[in-house]
Structure formats: C-alpha cells, structure tokens
Amino acid sequence: MENHIDLGEHTFMLINGPLFFINLTANIFYACCLVFPPRSGQRLAQPLTTLLGYLVWCSVMYCVALPLMFWALKEGKSYYIFLLSWAIVLYIMHCSMTCYVWLNFFFYIQIVPVRRAPLIWIKRNVKSVIYGALLLEAMFVFYSSAVNIAYIVSHMSSGLTCFNGTCPTYRIPLVFSNTAFDIIFRVHILLCMCFMTVSSVSTAHYLCRHMRNMAQSGSPFNTRRRPGQMRITITGLSQGVLYFLYETYYLLYSLTNSYSQHILLGPWICFTVTTLYISGTTFNLGVGQVIFRQRAVHIWMALKAMCHIGLVTNGGEVHASQLTLGEIATTQTVSVKMS
C-alpha cells in the first residue's frame, strides 16, 4: 500500500501564489537594473553582469513554467505538457544552482588574495574560466535532461517495464545512458556543493581574520567596502545552506519515487520546495548585490518625493526637521540642494 504524501491544491495556491508574484516582480526589477544600469555611479563589470543576468533569467523562466505545470496537472490535459515543463524546471534549477556556485567563486577570487599559481592564473583569466564552465555545465545538464525525458517518454509510450533486471533490447542503451547520467549528475551536484562551501567559508574566514588583525594593530581599513564584502559572504553562506537543503530534498524525492514501494511524494510539495528555493535565491540577490539595493532605494525616495513624504523643500533647501533619522545621517555629510 502506497502512502501518497502531497499538499492540497488550496494549500499549494496559498503558499506559491504570493511567492510567485513576489519572485516574478523582484526578478523583473533585477532584470531592469541590469539592462538599464544607472548613469552615475560604478557599473558592473564582466563576468558579474553575466552571472547575475543568468540567475535572474533562470528565476523568471521558473515563474513562467510554474503556471504551465499547475495547469497541466490540475486540468489533466496532457501529461507530456507537464513532463516538458518539469524538464524545463529541472534544467533551470540546476543551471541556477551551478551559476550561484560560480558567483561565490568569483567573489572569493576578488576578495581573498591568491598566492598559488593555479589561482593566480584563474584570477587573470576569470572571465574565460567562468564562461567556459557555464557553457559546459549548461550543455551537460541539457543533455542529461534530454536523456531522462527520452527515457520516460519511451517508458510511457511502450507501456513496458523492466522485470527481474530484463528489459526490451531496444531500450537497454537508453536505460544504461539514463542511469549513467543520473550517477554522474549526482556526483556533479555534490562536487558543486563542496566547491561552494569551501569558497564561501574561505572568504568569511579571510574577512574575519583581516578585520581582527586590523583591529589589533590599530591600522585603519576600508570601512566603505568591508560591509559590502561581509554582506556578499553572508548571503553566499545562506545560499549554500539553501543549496544543501534543496538537493537533499531532491535526492530524497528521486530515490523515494524511483525505488520505494510504500511512500510516494507528490508533485505539489516538490514544486513548493522549488519555489521556496527560488525565493531564497531572489532574496539573497537583493540583499547581497548593491546595484539592486541602490536602485530600490532610489525608487523609494522618488516615490516619497512624489507623495511629499519625508522631504519638505523651501527655496531649494532640505529641512532636517522633516527627515527621518536615516535621512538626517545622510544629509550630515552632504548638503542637498535642488536646482
């Protein structure tokens, strides 16, 4: 007897509906920030722009595929539509996860001084290394997903299963390829998780040791850049935790649905876990990347000015009595005048 574990439709909508709207809105905003960078201020350099754009694109594509999967399952129109959308989601998710791994590594290379020859060479050629790695991983994940889908479609269309280790002759190469790619894929995910953990922990260790040494020696350090580096490191560690939790669940989901005869995890709970991971990634991007935070602050201040909230001008001067505490701190060092 199978125990089918899943969320109800109303519970699924209650959790995923608000998160879907927030994720789609936030990632469209991130995309606008990358496509239309601020005219003044520091602009992002490559490969950071590509990495951020890739992550945003993956999140937006997931938000597009989620309603399609919901409709295919709810209406029961075609299982092949659900299968195609689920393959797209798996491809997007793993591309997003590996992309964040390389984003963490990029910040590690930029923040931590490197002394060994291989790391020095990577730092000098970081764009080529990251572009090549992203291309190879995208091709590998795409081919692995294609083999998996071909295996499932062949299994469904033929109506045949393997009994006692024997399969139809024409399906043996496909079964072997699917099993081999699945094992390689698991090892690849495990290596990426270890790689991400090492780079994030090494960055955090370097920053903590550097600030402790500066404090003990009484030497000044760059207080302007250090909070941003710490914020990036903390969000990287947070993303590593999300990575571990999501891959643990996905492994449990795959093993349970493939080999267990008593427990079956339903699709609604799997989609919900994926949505939570995308939400965590969206949050970490917003907190960790200054280009998104600054643009959000500028828009917020513009909206407050349009609504005449917080800022009162008289003859071009900004009166500190009408400002909030944060705005007073800003105007103490810079005289703001409207021309």
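Glycine is treated like the rest: Cβ placed from N, Cα and C.
Listed in TrEMBL for this protein:
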TRANSMEM  12-36  transmembrane segment
TRANSMEM  48-73  transmembrane segment
TRANSMEM  79-108  transmembrane segment
TRANSMEM  129-153  transmembrane segment
TRANSMEM  183-207  transmembrane segment
TRANSMEM  228-246  transmembrane segment
TRANSMEM  266-292  transmembrane segment
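The transmembrane segment (12-36) shares more Cβ pairs under 8 Å with 266-292 than with any other stretch in the list 79-108, 129-153, 183-207, 228-246, 266-292. The transmembrane segment (266-292) is in contact with the transmembrane segment (48-73), judged by 3+ CB-CB distances under 8 Å for residue pairs 6 or more apart in sequence.
The transmembrane segment (228-246) and the transmembrane segment (48-73) are not in contact, since fewer than 3 Cβ pairs between them lie under 8 Å (pairs 6 or more apart in sequence). Note on the transmembrane segment (129-153): residues 47, 50-51, 54, 80, 83-84, 87, 90-91, 94-95, 98-99, 102, 105-106, 122, 174-175, 177-178, 181-182, 184-185, 188 of its chain, located 6 or more positions outside it, place their CB under 8 angstroms from a CB of the stretch. Remote same-chain partners of the transmembrane segment (79-108), defined as residues 6 or more beyond its termini with a Cβ less than 8 Å from a stretch Cβ, comprise 47-48, 51-52, 54-55, 58-59, 61-62, 65-66, 68-69, 72-73, 126, 130, 133-134, 137-138, 141-142, 145-146, 148-149, 152-153, 156, 189, 192-193, 195-196, 199-200, 202-203, 229, 232-233, 236, 239-240, 243, 246-247, 267, 274, 277-278, 281.
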